[in-house]
Structures are given as structure tokens and as C-alpha cells.
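Novice: Before we start, here is the structure in question, set down as C-alpha cells.
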């Protein structure tokens, strides 16, 4: 691995700005966005989107159901190691092509002239739809957590507490997105500050909860239970240990995504060909460490797995909320402290959604700049504060629309949410696949590169994404009915069909891949 970091110093920092602009022009674009982000700011946005407090909290039920403590504590590093391989491959390409378009631009540059438009089209649409679905999933999860917080605050499921209806939940979701769009309409200076605050909140929140919850709990699990207890007692009709373990990995893989945001923010990042890649791998690496600590801390407070998953408990079956609530109730006679802990998580999820909108809008801006979206001329407009304002509001609106199926069926929404994990992972893998195949001989690495290990790491990344795409499409419950069907292959297959059909019937006649916005 070769890291040719630019030398530090004031003079170089000034030159670096000119170098960033010149490099962007080499890639075909003029500087339209304000280049204000440092490596810390770039990292903060990806770290806030990965947000272990968001992913682990949201899918802790899945982890407990499929394998339990052993799957969560050990499976975290299985998913983490392969995710790091994906991240390293992306970081290497990001260093060579630091643009807001990120993945779809990389695919175009690495697939050769003949395949560039098609590769760019497929990658771009999988990436952008996956991002929108991710924002919808994150913010809807926050709305559901607020629903649980209100339930516990008013007496709990067994004490006459108020359970908000699905219409109230979707209204909360809409309010969340509205506020996030307003914040993202501010200048990048404010976004940078809020992003760093969000990263600090996530970090401090993890350390607070990982120590406070098990310390407060009057009963704690043994180390043997936390590291080796494998839960096979599920209502899904699945008895194969390997199958159960694989399904339990979903919690980890769902959490460890979103780090492409560092690439989408490179046109606003100083020393982009170095700081963008560092933002990617540092967000993954630090998330791995603090995420494992969070999982350990919470799981040491777990005693009765079936009760935590039961819809008859005070939190209505929201396992991690019940863990917090019981820990404080057992010590102090009430669960107020647990509700405060849930508030810490809720703020972290809010920041995750806010940063997701930031990343979505930059991807929308770049994709429309290249003419790939309907009404592209509208979405890539930049206001006086150098913010792609229309792209911000479009991203928020589409994420709201993606949550509306929850009014008819949560199964339908879960199908939509599954795109957030699978489609984005596919988009991550495509440019890497082109880099190690069609573009292997012509790829010119940037300052951050993997040297002779680039191709090997690339193949590991591609094979991992192919593997999890298949595994996460398998049934999650038997017998399979319309209510238990895993809609992931349906949702992802439907997306692929739409994208491919639009290419064959229309886009192939006019979309030529990334186009320059430079004027003579």
C-alpha cells in the first residue's frame, strides 16, 4: 500500500486549493461548490451516516433473533473486514477521480469508451435510488423510535401508554425530513460545523451508552453468554446454524454503509484526492471499533432474549428500548434514565438522516449535471451560497414518498428499505469490478493507492458484495407467504428492470456518460 501524502505547510495548503480546482478541470468540471471541508469534516459526514447508534439500534432485533449475541459480537468483524476491503478499493478509485459524481463517474472512466455510458447509467441509478431509500429508512426508523419513546414516556405498553398510529408516524417522518432539508439549505460552512458536531455526538453517545447501560443494570450477562451464546430459538422456522448466522449479519452490513458520502463531498473538500479516501477508510475503521463497543455494552445488559423480542413487553417488542428501560427501572424503580438514553440515540439517528440528505443532494447534483435525470437543468442549479438547493429538496421529497407505502403495509416499506442495503452495495462494487477488469491496465492511481494489492483487494470486495446480495435475498421465514416473503430480490430486481428498460428504450440514444461543464 502506498500513501503519498502531500507535505504539510501553509504554502502547500494554498497551492492545494489551486491543485484541487485544476484537478477537477482535468476531470471535466468547473468548480461550482465552495471547497470548505477539511479531512475531519469529510470524515464526519461519512461517520455520521454510518452511525453505529442508528444501524445497531434499528436492527438489534434482527441480530438477537438470528444468532443472538454470538452473531452480533463476532459477525460484526466478519462484515467489518469485508466492508473495509470494499472501502479500500473505493478509496483508491476516489483518489484517482475526486468528483461529486463518485461511483457512476468512476464506472464511466474505468469501463472503457464503449461501455462508459451504460456502466455510468446502471451505477448511477443504483447508487442514487439506494441513497434515497437509505434516507427514507433512516428517518422512518427515527419516527418509529420516537413512537416507542412516547409509548414508554406515557406508561409503556403494559401501563396504558400511548401508541402513535401509522399516520402519526408518517407525519413525524415528514417533519423530520422537512427540518433536515431546511438545515441542508444552509451554506457548507454550517453543514461542516453540524457534521463535526454530529460525529462528536455519535462518538460520545456510544461511549456513554456502552458503559452506562450495563453499569446501571442490576443483572448482567456473563462474558460467555455475550461472546458464545448462539440463539437458534426463532419463530422463523429456520434451524440451520449457518443460515441463521448469515441472516444475523444483516445488522452489521446495514450499519456499515454510507461511506461513499466522502466521495460525493470531494468537490467541497480540500486536498480531495487525499482527504476523500482518508474520509472513507477512517469512517469505516473508527465505526468498527466504537460499534463493537456499543454492541458489547448493550449485550452485557441482555438476560432474557425471548422477552426482549416479545411484543407484550413495555416497549412493544423494540428490544434495545426494552434493554435501556429495564436497566434503569431495575435500579431506580422507573425507566426515565432509559428513555433519556433512547433520546441520545434519537439525536444520533437524526444527524444520520441529515447527513444522508447532504450526500443524496450532492449525488443528485452531479448526476443531473451530467444530464442523467429528468429535468436535469433544474436539479443541478446552485444558489448564491453555492448549495445545490433544488437537489436538497428533491432528495427530501423522494425519501418522503418512499416511506408512504408503510401506510399500506410495513412489508411493502421493508421491501423499499432493503434497497438501501443491497442496491448501494451493488453500486459500490461496480466501479471496483471495472477497475480490476476492463480498466485494469489503464487505471492511473492517485496519491492514495493500494499498490500491487489493489487488484486482490478489489476481487475480495466484489466477491463479498456478490455473496451478500445472494444471501440477503434468501427467505427469512418459513413457510414463505406474502407476509413473510423476503422482498429484497423483488425490489432490487424491479429496480434493475426499470433501469435497464429505460436504457434500452430511451437513454442509450442520448446519454453519453459524464459530460464536461467547462466552457471555452
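Each Cβ is built from the backbone N, Cα and C atoms, and glycine gets one as well.
Pulled the feature table from TrEMBL, pasting it below:
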type     : residues : note
TRANSMEM : 39-62    : transmembrane segment
TRANSMEM : 74-94    : transmembrane segment
TRANSMEM : 115-133  : transmembrane segment
TRANSMEM : 167-186  : transmembrane segment
TRANSMEM : 198-217  : transmembrane segment
TRANSMEM : 237-257  : transmembrane segment
TRANSMEM : 278-302  : transmembrane segment
TRANSMEM : 332-353  : transmembrane segment
TRANSMEM : 391-413  : transmembrane segment
TRANSMEM : 419-438  : transmembrane segment
TRANSMEM : 450-474  : transmembrane segment
TRANSMEM : 486-505  : transmembrane segment
Novice: Do the transmembrane segment (74-94) and the transmembrane segment (237-257) come together with 3 or more C-beta pairs under 8 Å, pairs six or more apart in sequence?
Specialist: yes
Novice: Give residue numbers and ranges for long-range contacts of the transmembrane segment (419-438): same chain, 6 or more residues beyond its ends, CB-CB under 8 A.
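Specialist: Beyond its ends, the transmembrane segment (419-438) has Cβ neighbours at 86, 89-90, 92-93, 103-104, 106-107, 110-112, 115, 119, 122-123, 126-127, 129-131, 133-134, 136-137, 250, 253-254, 257-258, 260, 454-455, 458-459, 461-462, 465-466, 468-469, 472-473, 488, 491-492, 495.
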Novice: At least three Cβ pairs under 8 Å linking the transmembrane segment (332-353) and the transmembrane segment (167-186), pairs spaced 6 or more in sequence?
Specialist: yes
Novice: Do the transmembrane segment (391-413) and the transmembrane segment (115-133) share at least 3 Cβ pairs under 8 Å, sequence separation 6 or more?
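Specialist: Contact confirmed: at least 3 Cβ pairs fall under 8 Å.
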Novice: Take the C-beta pairs under 8 A between the transmembrane segment (237-257) and each of 115-133, 198-217, 278-302, 450-474, 486-505. Which stretch has the highest count?
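Specialist: Between the candidates 115-133, 198-217, 278-302, 450-474, 486-505, the best contact partner of the transmembrane segment (237-257) is 450-474.
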Novice: Take the transmembrane segment (167-186) and find every residue of the same chain, 6 or more past its ends, with a Cβ under 8 Å from one of its Cβ atoms.
Specialist: 135, 139-140, 142-144, 146-147, 194, 350, 353-354, 357-358, 361, 385, 387, 389, 392-393, 395-396, 399-400, 403-404, 406-407
Novice: Kindly say whether the transmembrane segment (486-505) and the transmembrane segment (198-217) touch, using the definition of 3 or more Cβ pairs under 8 Å where each pair is 6 or more positions apart.
Specialist: no
